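As written in Swiss-Prot, here are the features:
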BINDING   GLY157, VAL158, SER159, ARG160, CYS161, GLY162, LYS163, THR164  ADP binding site
Amino acid sequence: MDNAVDRHVFYISDGTAITAEVLGHAVMSQFPVTISSITLPFVENESRARAVKDQIDAIYHQTGVRPLVFYSIVLPEIRAIILQSEGFCQDIVQALVAPLQQEMKLDPTPIAHRTHGLNPNNLNKYDARIAAIDYTLAHDDGISLRNLDQAQVILLGVSRCGKTPTSLYLAMQFGIRAANYPFIADDMDNLVLPASLKPLQHKLFGLTIDPERLAAIREERRENSRYASLRQCRMEVAEVEALYRKNQIPWINSTNYSVEEIATKILDIMGLSRRMY
């Protein structure tokens, strides 16, 4: 067996496999193991299911260790094929549905693609999500200052502190219209809140980052440049944090947080409603 991998983990679904991945990752994060992940969406027919079973079995025979299989599959005939594999199979949805069925005294009506599929009865939410993504892309990195009043949150920060990925995650995951505005080196001699942002101060949220981490990120982009120097990064971070404090702008240090954690903290601090899709 590959010494760098403790377990092979499959995430299998007749839909996008997002639910299987999210719940499976949450479970596996509780164990001190290194995993090799294999995600297999849209396992919708018996031929595809048999190919997946063969893939699971091949890894078992190669390694001698049962792969872990997290699955979410509606059709019983497809499930049956996966369960015949040499993997240790866990139906992540049924594990929650069964006790709820007993508690609510209702029978579930499972439908493939229901969790992350496009529901004809839910097109307004889908359209709102796409509009949020379009808005966020159009207002990335200060590209456009038009219609900033339509933003639900405006992220501020120095270059490469995480504004763009956080904005896009907010838009794609929660349908939040998130603009972001960069403070660049040329701003630092007299750093003030831009006039275009002052009327929208209630929508502003700042990001900062440890200078050492910022320098490492910038070095990958512009090696041996003033832009990536630790001295420059320390100066920019200090100036921006002083601006946040002076203008009472809420802010967090993004250094030790994932994009998901940063976005969730922003939603909580800014009082924005979460919309799941």
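In case you wondered, yes, glycine gets a Cβ from its N, Cα and C as well.
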C-beta crowding around VAL158 (ADP binding site), within 10 angstroms: 27
Chain-mates of GLY157, VAL158, SER159, ARG160, CYS161, GLY162, LYS163, THR164 with C-beta within 8 Å of site centroid, ADP: ASN180, PRO182, LEU207, ILE209
Three-state secondary structure, which DSSP defines for GLY157 (ADP binding site): strand
Listed in sequence order, residues with CB under 8 A of THR164 (ADP binding site) and six or more positions away: ASP140, ASP141, ASN180
Tertiary neighbours of GLY157 (ADP binding site) (same chain, Cβ under 8 Å, six or more apart): LYS163, ASN180, PRO182, PHE183, GLY206, LEU207, THR208, ILE209, VAL240
Under 8 Å by Cβ from ARG160 (ADP binding site), same chain, sequence gap 6 or more: ILE209, LEU214, ILE217, ARG218, ARG221
Residues satisfying Cβ distance under 8 Å from GLY162 (ADP binding site), sequence separation of at least 6: LEU207, ILE209, SER254, VAL259, ILE262
CB within-chain contacts under 8 A for SER159 (ADP binding site), separation at least 6: PRO182, PHE183, ILE184, ARG218, TYR227
LYS163 (ADP binding site): tally of other CB atoms within 10 A of its CB: 27
